[in-house]
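As given in TrEMBL:
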- 49: active site (ACT_SITE)
- 52: active site, nucleophile (ACT_SITE)
- 262: active site (ACT_SITE)
- 237: site 'Linear diubiquitin binding' (SITE)
């Protein structure tokens, strides 16, 4: 059985194990890890399936959650699947995890269950005061495969909702973030329906999140996702923030990637950084 989030390991020890050679790539990675080690002491490896961007982001968000985000508090949050399906018939083709060919009502009910679970877990974990107990609760959640994957399905559906909102806002002449133009400028996602068919339905099955979808995830969660992109060490893109124009009060989660495909998480901020 693969752990979803491995126990923590010293960050430089991990780097020495992974990047032994003297190739330019190995040297760059080591420099990148050294830079991360200025801020964080340890690393936790994230299970490498096509959900790893969700897994890393959600784990970090829940690990530091102290309250329920505003968008999870709204009264009609759990009515979202029903409301969207009543407006957009094409959402019936939403691909549920390993459960293709479900009827519309069941799809809507199932997604509703995922959203309720997401709210419940976020609320429970954010109410835990002690950092150790909070960490234990997160570890426990990410060992429960059924619940874990249900949360990713909830996130995917929320991303679709955000995409629909952005698309409609742009069409009616309201200001939208730059990534939204890029998202719908792709041949494969000129509108939310195609985004669902060609991208969201495949996340976790045959593909992970592309760069522009990392922005969509950040915008959906109302979190800034800060990523150390190690292969970009010594360029402007070494530390990339997903959400170009985040609101002031958006919390920040930090991830590490060596290739923009797989994500791990740095943990234990060094004392000086915290001060």
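Backbone N, Cα and C atoms are what each Cβ position is placed from, and that goes for glycine too.
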### Query
By a simple count, how many Cβ atoms lie within 10 Å of the Cβ of residue 237 (site 'Linear diubiquitin binding'), its own Cβ left out?
11
### Task
Using a 10 Å cut-off, grab the number of neighbouring Cβ atoms around the Cβ of residue 52 (active site, nucleophile), all chains included.
22
### Task
For residue 52 (active site, nucleophile) and residue 262 (active site), determine the Cα separation and express it in whole Å.
6
### Euclidean distance between Cα atoms of residue 262 (active site) and residue 237 (site 'Linear diubiquitin binding'), Å
17
### Message
What does the structure give for the C-alpha distance between residue 262 (active site) and residue 49 (active site)? Integer Å is fine.
### Response
8
## Note on the structure
Densest Cβ environment (other Cβ within 10 Å) across the active-site residues 49, 262 belongs to 262
